[in-house]
Amino acid sequence: MPRFAEQQLYIGGQYVAASSGQTFDSINPATGEVLAKVQRASQADVDRAVASAAEGQKVWAAMTAMQRSRILRRAVDILRERNDELAELETLDTGKPLSETRYVDIVTGADVLEYYAGLIPAIEGEQIPLRESSFVYTRREPLGVVAGIGAWNYPIQIALWKSAPALAAGNAMIFKPSEVTSLTALKLAEIYTEAGLPAGVFNVLTGSGREVGQWLTEHPGIEKVSFTGGTVTGKKVMASASSSSLKEVTMELGGKSPLIVFEDADLDRAADIAVMANFYSSGQVCTNGTRVFVPRMLQARFEAKVLERVKRIRLGDPLDDATNFGPLVSYAHMESVLGYIEKGRSEGARLLIGGTRVSDGDYAKGAYVAPTVFTDCRDDMTIVREEIFGPVMSILIYDSEEEVIRRANDTDYGLAAGVVTRDLNRAHRVIHKLEAGICWINTWGESPAEMPVGGYKQSGVGRENGLVTLGHYTRIKSVQVELGGYSSVF
């Protein structure tokens, strides 16, 4: 019997039954336990949610900036009060350790909501003088109803990253979480309602991307789609959104990010960064630095330091506070990652550690894969070219700065990049040549609310977080005012 009651859709400020009559299972990837039956939205439910959002958006947009700001700040307070219970639910649903969800997922999501709540009164237009008798002013107006489509690795954080700027700008949002991890997005909807958000301004539709996601991207009542997920799916979403009604899109997609260690680097720091950039969240982070470039002269020393740290990783029950490495999100994803590991072996990469499923005792019930490090990798290997989205580090050896920059950029992706060096002149010089939207110097992975997040090339379109993102959720109206006479040519 499932641990939780059957999960309904959230439309118009309340839970409602899906008209499809169908459900799917939410599975705990650490144990195989069915957490809940989750209702599958139908196309009629999408229509119902869009209609509810359109009505709610009118009420929301008519409120003053300070009224909207206070409601979102109240939601921030509730999120922080319920941090621990939300973190436990996120851990059950994703398999991520409590040591992570308790201090990152809800905390950073609430930070983003607080950031945008504070910016609401600053959404303003311009006044442009033309001549003594005439001027132009601009208004930043909300788009209306927008859709957010989330990924399974950071469910509530992504829901907050997408909804915070959208709601701050006066829009309503219909959010579709990944069918793999749907539970905390529904809790977020409850919190928004409790905080005073008008009915319909934040709706949650659960179901598959192939169905619900596509219906949202095609719906004529939706003005924008913000999607987080894989590049292949992102291309489909973008094509559907543009062909249906020229919707605006924001895409945060895949990555195969380079981490470059230079010969003057503090090797202990470099190894710490490399391990964090590959094994945090069991490697299921889009910005992970999975291509680790190391100077030939440092290869043996660097590998030894990485191995020392990987052996300290505490794989275990994600509900145990001592655990810092949990299972992958699902059995299907585990099989995908194991397939890539086998590819690495068959294509000639040298395995330093890991490379197997962990199936001793109770671990056999879960989707556990050991932290894996390959070295002597080549740029043409599958594990180097394709996004694995799992705990697999590829070490590549280089001989010159010019060479490593060229090879680091030799990818279809451009989400993130980083360098480790004591020479800040070199750090900035190299970073400015790397084709990536998010870059780190002597660190990795932090994405504060103030920092725009997004990729180059096939890693995305537009940005999330930061001041710039508010512009993605408004449209500019230009108004000319003439105070003097008017002369017709006719």
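Glycine too: its Cβ is placed from the backbone N, Cα and C atoms.
Keep in mind that what you see is a predicted model, and the values were worked out from it rather than measured.
These come from Swiss-Prot:
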BINDING   LEU246, LYS457, GLY460  K(+) 2 binding site
SITE      GLU248  site 'Seems to be a necessary countercharge to the potassium cations'
ACT_SITE  GLU252  active site, proton acceptor
MOD_RES   CYS286  cysteine sulfenic acid (-SOH)
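Listed recorded positions near the residue listed as 'cysteine sulfenic acid (-SOH)': GLU252 (candidates LEU246, GLU252, LYS457, GLY460; Cα-Cα distance within 10 Å). The CA atom of GLU248 (site 'Seems to be a necessary countercharge to the potassium cations') is located 13 Å away from the CA atom of GLY460 (K(+) 2 binding site).
Close to GLU252 (active site, proton acceptor), meaning Cα to Cα within 10 A, are the following binding-site residues out of LEU246, LYS457, GLY460: GLY460.
Within 10 Å of the C-beta of GLY460 (K(+) 2 binding site) we count 28 further C-beta atoms, all protein chains included. In the structure shown, across all protein chains, GLU252 is the one of the recorded positions GLU248, GLU252 with the greatest number of other Cβ atoms within 10 Å. Here the recorded positions are LEU246, CYS286, and the one with the most other Cβ atoms within 10 Å of its Cβ is CYS286.
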